[in-house]
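Under the heading region 'Disordered', Swiss-Prot lists 477-502. Swiss-Prot lists 51-71, 87-107, 111-131, 133-153, 172-192, 208-228, 264-284, 300-320, 334-354, 361-381, 393-413, 423-443 with the feature transmembrane segment.
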Amino acid sequence: MEVEGKGGEAGTTTTTAPRRFALPVDAENKATTFRLFSVAKPHMRAFHLSWFQFFCCFVSTFAAPPLLPVIRENLNLTATDIGNAGIASVSGAVFARIVMGTACDLFGPRLASAALTLSTAPAVYFTAGIKSPIGFIMVRFFAGFSLATFVSTQFWMSSMFSGPVVGSANGIAAGWGNLGGGATQLIMPIVFSLIRNMGATKFTAWRIAFFIPGLFQTLSAFAVLLFGQDLPDGDYWAMHKSGEREKDDVGKVISNGIKNYRGWITALAYGYCFGVELTIDNIIAEYFFDRFHLKLQTAGIIAASFGLANFFARPGGGIFSDFMSRRFGMRGRLWAWWIVQTSGGVLCACLGQISSLTVSIIVMLVFSVFVQAACGLTFGVVPFISRRSLGVVSGMTGAGGNVGAVLTQLIFFKGSTYTRETGITLMGVMSIACSLPICLIYFPQWGGMFCGPSSKKVTEEDYYLAEWNDEEKEKNLHIGSQKFAETSISERGRATTTHPQT
């Protein structure tokens with residue numbers, strides 16, 4: 001599979017540099033094509049390392065839900081304990097994702113992600129030794145920190161791939177990483193059964209099973225450290241040491257990010273697409289097990305089908321975002337995002353009202369495609385909000401996903417205030433409501449859903465260089481933003497790039 005940006009018609013300059021890179025690159029040495037089956041360094045190797053590391057972290061974080069019927073019996077977990085554990089698994093990553101964004105801006109995605117992955121792996125191993133509900137909640141909380149590798153994944157892809165294909169790269173990397181949420185629904189029951197067949201009791205088997213995701217999480221971190229590279233031109237630490245890359249002012253990086261209102265809207269909307277996905281990962285196996293009286297492995301297979309849709313749904317969202325951009329520019333990306341996320345919310349609301357097992361499975365599968373595609377569409381927009389504070393904006397958006405999951409589980413799925421069916425329906429309504437602010441995102445150089453570009457003829461260079469003051473420009477600290485502005489002309493769309501703004 002190869003995705004190629006239409007550089008000529010979008011204003012993106014593509015160059016080929018066979019001596020340095022296997023893929024054609026732009027002025028920032030970002031790849032202008034995406035070759036899925038290549039492992040060429042640095043672009044495609046970074047892609048495969050990032051999605052696999054994120055996949056392993058997702059498997060570890062959600063390894064418990066498919067075994068909950070056994071775990072709750074062993075630890076005497078109440079409905080409140082299970083709800084609190086689900087909330088804990090996604091709440092830790094709220095702070096971690098914000099910090100990860102800043103860490104990527106300052107130290108690079110390679111070191112930042114590997115450090116987090118290694119530091120959270122012990123929580124997965126320690127799950128084998130817990131003896132109380134409090135212990136269960138704590139290990140899920142600390143293991144959930146690893147979900148912040150999502151931010152480093154998106155940052156890394158945005159650093160390696162040019163605008164016309166960045167949506168595809170982000171969507172596929174995140175989608176295949178999120179696939180871990182579905183894969184673990186299959187992996188853990190199978191591992192549990194294998195250990196049981198070797199003679200272990202069920203209360204021992206589930207504990208031993210947690211060493212498998214912990215081991216793979218650890219190995220993925222070492223692979224990133226050994227084989228990864230932060231940027232097309234090298235690693236952050238080496239470029240800082242040689243003077244090729246100046247260290248940015250952390251205060252200004254954070255300030256620019258949080259002052260950009262667009263980042264807050266992407267965080268809100270992402271809270272009710274990815275947040276919904278995280279919530280479903282936590283509740284869906286138990287939901288089908290209890291409501292339709294299924295066997296543990298059968299419920300696990302059905303639940304797995306939701307997460308496994310990430311194999312194509314989220315990548316499809318990213319690819320669709322790039323397609324709409326080539327035809328209609330940034331405005332096309334925004335419209336596609338809103339339509340898909342709203343449709344996902346409608347399907348989610350319907351799911352909670354269906355009492356037939358067969359129809360529930362069908363609606364859940366269609367719903368999974370839309371909600372996961374909406375996640376991919378979100379990160380088709382995020383890379384263009386800020387060049388200087390990309391990590392901060394990515395972190396804010398990613399954290400928004402976890403905040404949405406925490407609030408949803410706290411309000412609708414903690415205790416017995418709502419039935420699971422009612423909670424799922426209300427979650428869908430919230431998703432529809434939180435997609436509405438997407439219409440408020442406006443770029444003066446490109447426009448928004450309902451408005452065209454500013455009458456003041458603001459250019460891409462005006463927008464991205466506004467993040468730097470005159471003193472910083474005199475030191476040439478803005479060069480990266482200037483190059484990014486040149487390649488971002490593609491976001492004007494096919495209808496306007498033939499008549500560039502002046």
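The first residue you see is number 1, and the count goes up from there.
Glycine is no exception: its Cβ is also placed from the backbone N, Cα and C atoms.
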May I ask which of the stretches 111-131, 172-192, 208-228, 300-320, 334-354 has the most CB pairs under 8 A with the transmembrane segment (51-71)? 172-192
By Cβ distance under 8 Å, which residues at least 6 away from the ends of the transmembrane segment (264-284) in the same chain are close to it? 62, 65, 86, 89-90, 178, 181-182, 302-303, 306-307, 337, 341, 344-345, 348, 364, 368, 371-372, 374-375, 378, 381-382, 385, 393, 396-409, 413, 420, 427-428, 430-431, 433-435, 437-438, 440-441
Restricting to the same chain and to residues at least six past its boundaries, which positions have a Cβ under 8 Å from a Cβ of the transmembrane segment (334-354)? 269, 272-273, 276, 317, 320-321, 324, 328, 360, 363-364, 366-367, 370-371, 373-374, 377-378, 380-381, 420-433, 435, 438-439, 441, 448-449
Non-local residues, at least 6 beyond the ends, that sit with Cβ under 8 Å of the transmembrane segment (300-320): 3, 65-66, 167-172, 174-186, 188-189, 280-281, 284-285, 288, 294, 336, 340, 361, 364-365, 368-370, 372-380
Most CB pairs under 8 Å with the transmembrane segment (361-381): which of 133-153, 172-192, 208-228? 172-192
Excluding the flanking five residues on each side, which residues at least 6 beyond the ends of the transmembrane segment (172-192) place their CB within less than 8 Å of a CB in that stretch? 34, 36, 47, 50-60, 62-63, 65-67, 70, 149-150, 153-154, 156-157, 202, 205-206, 209, 212-213, 277-278, 281, 285, 296-297, 300-301, 303-319, 372, 375-376, 379
